[in-house]
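Comments concern the structure below.
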Amino acid sequence: MTNGHPLIQVKNLDLYFGAFHALKNVSVDFHAGELVGLVGDNGAGKTTLIRVLCGMHTPTSGEVYFDGQRVEKFHPKLAIDQGIETIQQSVGLCDNLSIARNFYLGREPVRRILGIPFLDFTTMRDKSTRVIRQFGLRDNVSADDEVERLSGGERQSVKIGRAVEFRNRVVIMDEPTNHLSVREREHVNELAVQLKKQGLLVIYITHDIFQVHKLADRIVIMENGEKIEDASTSKMTAEQLEEVIRQGGRVVERREALS
Amino acid sequence: MSLAAIKPVVRRHAEIGILLIAVALVAFFSATSDGRWANAYNFATILQVTATLGLMTLGVALVIGTGEIDISVGSTFGMGALVYLWLASRIDPSAAALAAVAVGAAIGLLNGLLVTRTGTPSLIITLGTLMIFRGIAIALTEGFSFSIPYAARKGWSFEILGGGEFLGFNTALYWLILILVVLTVVLTAMPFGNRLLAVGGSAASAHSRGIRVGRIKLSAFVICGALAAFAGTLEAGKLGFADGSMGRLMELQAIASCVLGGCLLAGGRVSLIGALLGAFVLSSIQSYLVVVGVAPQWFLLFLGIIVVLAAYGDQSLRQWALKK
């Protein structure tokens, strides 16, 4: 499963925001057909790392390779065109637009009349409604309703639905089960596994090591902008990994010194 | 229909407030001016003023829709008028108009590049270009005015560019209707419009979905500059002359029209028809003050008071509509 060259390879990545060193010499590989849990406390650098992968941040130094090709320019458009779909926590939805308009933002289906592109409202409405309903959109909410009227869970369902609809090669999920009910949470987790089985790379960011340990093939732990652990879930239990998170880099250093 | 049933309509249609204000003012002006305000000739005049202010307003509405602002449009309007007048007596008016629009688009491009490339607030950038191009307009005219000789004020291309009438209305009005329809379609039914509103609603979210935020803002500034200069062209076509002060303070009227019409200054919500109603209301108030004989020195004062009252009324209505 993890044979062959990595789909995404991050080498010695550093990122500064002004004087703040947000990512410190991070190197990590991600393979197609793999579900990787990216875990760590708040401020560990998880979201910053995936924002580099999805083109929102440009690293200060270091290299990122996608499918063996070095990434020269970072922009969400380029990442999306490469097939990297991201469900982010704080961004991704424009409150002033309808569900359907948000769903297709940036890749609106069009009907051309005399070569002029017009939005294909029927497709936008029907498809977005059908996909999002699976993830907990109320029956009385229509695709024409503005996103600002949705609950936290429903907002999340729009983002998840969109990632599923446009999945290509990579799906990055940043705390995807936040605001979701127990049943919806299970649905999202099943979906992550299903996407992996279809050969996609799934990067799943969470605080909950026990939850992601059940799903993931590998866990990457970050702390203070550094990668402090990268272990297969078959080699380390959730409790052991939790200990790493609790103790931080010290436990890894101790283990390395012993070996 | 109960009041509660109207709430969702008011919430969805930002222009309802200005529509009610327009209806109330038209009724009030008609009732209190003894036929001097409500007559065909005066309406045609109001609509002509609305047409040029409205074209400028449509462009400003697009920029406001992206969460930016363009206050240089008054000067761009003046530049458009001067370029058109200077060229129209030398080349065909249609070519002169194209040149004027190109100058406006170039000013918009300059504004847009400065805003998107430097990250400086658009209020400051366009305040600067407002002064720069007003300065150029005054310097170019050297205190005199540019004009088209009476002998040259004829021909179809001169007439369709604000210099003539069709069915009793200045041709500028038809341009306004045409451009309103085109921009409404672009804004509501084309990908560009979807992206423009997304940028205004949340630039970070739009960016995360792969939208080139800078390009969208740049396009809005270019369209805005082009429309302001075209409005100046049509005004120059109607008057046949212009000096360096042409379009002065119009930028404030255009912004007021947008806000009255339901465009959110923070971006993301645009009502083009509402903005035009705003322009109509402002033109109507001016016309009313003229016909009832308010001394010109009191103009701005009265205009300001009415604008503040109208804005307050609109705001109250919207807050009521948003309450559960």
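The backbone N, Cα and C atoms fix where each Cβ goes, glycine too.
Where the annotation comes from TrEMBL, it is an automatic prediction and has not been curated.
Remember, predicted model here, so these are calculated numbers, not experimental data.
For B:12-31, B:43-64, B:71-89, B:95-116, B:123-152, B:172-193, B:214-234, B:254-281, B:288-312, the entry in TrEMBL reads transmembrane segment.
Between the transmembrane segment (B:254-281) and the transmembrane segment (B:43-64), the number of CB pairs under 8 angstroms, six or more residues apart, is three or more, so the stretches are in contact.
With a cut-off of 8 Å on Cβ pairs spaced 6 or more residues apart, the transmembrane segment (B:43-64) and the transmembrane segment (B:288-312) reach fewer than 3 such pairs and are scored as not touching.
Sequence-distant contacts of the transmembrane segment (B:288-312), counting only residues of its own chain at least 6 positions beyond either end whose CB sits under 8 Å from a CB of the stretch, comprise 18, 21, 25, 29, 32-33, 36-37, 42, 256, 259-260, 281-282. The largest share of C-beta pairs under 8 angstroms with the transmembrane segment (B:214-234) comes from B:95-116, of the ranges B:12-31, B:71-89, B:95-116. If you look at the transmembrane segment (B:123-152), the same-chain residues 6 or more away from its ends with a CB under 8 A from one of its CBs are 69-72, 74-76, 78-79, 81-82, 85-86, 88-89, 107, 110-111, 114-115, 158, 236, 240-246, 248, 251. When each of B:12-31, B:95-116, B:172-193 is checked for Cβ pairs under 8 Å to the transmembrane segment (B:71-89), B:95-116 comes out on top.
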